[in-house]
Amino acid sequence: MKNVYVWPHFDPILVRFGPFAIHYYALAYITALVLGWRLMRRLVREAPVVATHEQVDDFLSWATLGVVLGGRLGYILFYQPVYFLDHLNRTYAVWDGGMSFHGGMLGVAVAILIYCRRHGIDPWRFGDRVAVPVPIGLFLGRIANFVNGELWGRPAPAWFPFRMIYPESGSDVPRYPSELIEATLEGLVLFIVLLIASRNERIRSQPGYLGGMFVMGYGIARTTAECFRQPDWFLGYLMFGLTMGQLLSIPMIVIGATMIWRAKYVARRQGALATA
């Protein structure tokens, strides 16, 4: 068969130290946090100045907690609540995968609100700066999914230029490499769009605009990418033939658009007051 490749059976563990091991999945999270921290230190000092470097350093631990707790709780509540009620001892096994981006996003949003309230920072502007580096983590996370041979795609038509057989799927049917498609849409493309937008001082000056772009952009990217991804076997297709990922992402498009509208409205109102 032309344009068909076999998933190369990567070892999900990068390095072993006796009883300890570093998984690619964990490495993706750590790398994303470090790169995001570095980028955010630069973003918060660009006009209008939002926070200090020290506050960004301090927030890193809050963001980590929000991602891990929110991501895990989101996966449990959105995807497998019944399973984890019967297997409470598996609740903490994050090294085996099972993290929800939507849950992680909510966890970080809560962390932003609490941290900004404690330190007198505008949460809208701070959230804008947090939003820009997030696609880095999405990109690396999807690459880790590919390395783990999980979240494979739906059967792909013969004309698709890069089909892949996943032995772990239990069949030799060529599929979409959905992890790589998601890495491209949710990660690479969204990051480029946000990075370019963040260079525009007019956009940066509208609190909530960049955050709205991220929320709406992710909603569009994830909803589109889910069309190539095989639904979770324990959920399948849900109402209207949509997947859980799509049901969680479609509202994000509306929420993100509303955030952008609000940002423009607030900016116009502040401009009118300044000239009054």
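Note that Cβ sites are derived from N, Cα and C of the backbone, with glycine treated the same way.
Keep in mind that this is a model prediction, so the values were computed, not measured.
Now, the feature entries from Swiss-Prot:
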- 17-37: transmembrane segment (TRANSMEM)
- 59-79: transmembrane segment (TRANSMEM)
- 94-114: transmembrane segment (TRANSMEM)
- 132-152: transmembrane segment (TRANSMEM)
- 177-197: transmembrane segment (TRANSMEM)
- 208-225: transmembrane segment (TRANSMEM)
- 235-255: transmembrane segment (TRANSMEM)
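The stretch from 94-114, 132-152, 177-197, 235-255 with the most CB pairs below 8 A to the transmembrane segment (208-225) is 177-197. Residues 131-133, 135-136, 138-140, 142-143, 145-146, 150-154, 162-164, 203, 209-210, 213-214, 217-218, 221-222, 224-225, 228-230 of the same chain lie 6+ residues outside the transmembrane segment (177-197) yet bring a C-beta within less than 8 angstroms of a C-beta in it. Among residues of the same chain six or more beyond the transmembrane segment (132-152), those with a C-beta under 8 A of the stretch's C-beta atoms are 7, 9-10, 12, 24-25, 27-29, 31-33, 35-37, 39-40, 43, 67, 97, 99, 101, 105, 164, 166, 168-169, 175-180, 182-183, 186-188, 190-191, 194-195, 198, 210, 214, 218, 229-230.
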